[in-house]
Amino acid sequence: MEEDERGKLFVGGLSWETTQENLSRYFCRFGDIIDCVVMKNNESGRSRGFGFVTFADPTNVNHVLQNGPHTLDGRTIDPKPCNPRTLQKPKKGGGYKVFLGGLPSNVTETDLRTFFNRYGKVTEVVIMYDQEKKKSRGFGFLSFEEESSVEHVTNERYINLNGKQVEIKKAEPRDGSGGQNSNNSTVGGAYGKLGNECSHWGPHHAPINMMQGQNGQMGGPPLNMPIGAPNMMPGYQGWGTSPQQQQYGYGNSGPGSYQGWGAPPGPQGPPPQWSNYAGPQQTQGYGGYDMYNSTSTGAPSGPSGGGSWNSWNMPPNSAGPTGAPGAGAGTATDMYSRAQAWATGGPSTTGPVGGMPRTGPGNSASKSGSEYDYGGYGSGYDYDYSNYVKQEGASNYGAGPRSAYGNDSSTQPPYATSQAV
């Protein structure tokens with residue numbers, strides 16, 4: 001480590017109102033300061049929620065760490081030594097961190113620290129905030145000094161805090177999930193500089209978005225997965241849908257809550273009317289195919305043939321070579337522009353050649369919505385936060401723009417321990 005870095009201290013969890021002068025005034029009590037900076041967003045000029053303090057005497061860093069917790073401008077701040085080991089790699093197994101979901105809007109970091117001290121020594125508390133609305137987004141993270149404390153608190157799963165039920169899950173970084181993350185971002189420290197919203201911490205049992213591409217976008221249909229299975233990942237924006245339909249969790253209950261590859265938007269269903277953990281099941285498959293209502297006969301006869309394969313305003317797929325629906329054996333183009341041979345007459349149990357397997361009651365390809373583990377909340381986290389609050393017209397949890405925790409001003413506290421100045 002360079003000599004001028006030995007006395008540098010990273011300070012995270014700063015209030016939006018904390019200035020460089022306030023930060024320097026607070027830490028000067030621990031020793032002479034030779035440099036102090038609050039990191040700001042280049043575009044908006046607003047604080048990013050973290051900064052750096054450099055002491056003339058490096059021993060003052062330990063003095064600060066031994067005299068916590070520290071509170072500045074009404075927030076519990078998080079000072080850490082600024083060195084490569086602490087800033088680049090978290091402890092294996094998640095750093096004894098837990099996720100807290102469904103937090104009351106009036107709970108503070110001090111309240112959480114006081115409450116969870118009964119389970120063991122708390123080393124860090126972070127509540128996610130919406131910078132625009134200046135209020136809690138209803139979830140956060142808490143770190144313990146001992147792993148046994150994490151096991152103890154997660155065994156309860158739910159606790160009652162300020163009259164509201166709060167969910168507790170063990171949090172682990174995505175880089176410990178077998179390298180399945182398709183985003184080219186790295187986890188840096190407890191709150192590293194990331195390419196996605198917040199950090200790559202999520203519940204240890206939740207899978208990575210099955211259809212996630214670069215930068216959190218949907219990357220295409222997963223391999224070896226039947227297309228058109230009902231109740232699968234409802235609410236996600238597909239290929240050809242409008243941004244208004246993009247959701248993270250349960251979608252609208254009407255047809256068209258997600259679209260297929262290149263399919264035009266269907267009719268929009270009613271807005272969600274639920275909170276907590278329940279969501280309506282859906283019976284449509286990808287691309288607007290109504291698999292439960294499909295018949296087992298051969299080629300559909302026109303747009304309404306069979307009443308099934310094209311029920312949600314998709315272009316007819318059943319035209320033969322001459323353009324006449326059901327005009328006998330020939331070829332047609334499916335939703336992927338692949339030529340298909342249509343069979344005439346006689347029952348068919350699989351639909352058109354190259355088509356989707358039949359689903360419905362009694363078929364193994366059909367599952368209920370509750371059997372799927374929805375990996376919501378953008379691509380940074382592996383769980384669905386939209387179930388913690390009642391939505392009103394928008395479904396992304398917290399109603400704030402998606403951003404990288406520590407790289408944008410839309411979340412609180414957006415600081416990144418992997419960036420040294």
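Backbone N, Cα and C define each Cβ position, glycine as well.
Taken from Swiss-Prot, the feature domain 'RRM 1' applies to 7-88, supported by sequence analysis. DSSP labels the residues of the domain 'RRM 1' (7-88) in these numbers: 23 helix, 32 strand, 27 coil.
For 96-173, the entry in Swiss-Prot reads domain 'RRM 2', with the evidence type sequence analysis.
The annotation region 'Disordered' is assigned in Swiss-Prot to 171-191 (among others).
The feature phosphoserine is assigned by Swiss-Prot to S177 (among others), with experimental evidence given as support.
What Swiss-Prot records for 240-373 (among others) is region 'Disordered'.
The compositional bias 'Pro residues' annotation in Swiss-Prot covers 264-273.
The annotation compositional bias 'Low complexity' is assigned in Swiss-Prot to 293-302.
Summarising the annotation, Swiss-Prot assigns phosphoserine to S366 (among others) and lists experimental evidence as the type of evidence.
According to Swiss-Prot, the feature phosphoserine maps to S368 (among others), an assignment based on experimental evidence.
Swiss-Prot lists S370 (among others) with the feature phosphoserine.
Under the heading phosphoserine, Swiss-Prot lists S379 (among others), citing experimental evidence as support.
The annotation region 'Disordered' is assigned in Swiss-Prot to 392-421 (among others).
For the domain 'RRM 2' (96-173), DSSP puts the residue distribution at 21 helix, 38 strand, 19 coil. As a whole-number mean, the pLDDT of the domain 'RRM 2' (96-173) in this prediction is 88.
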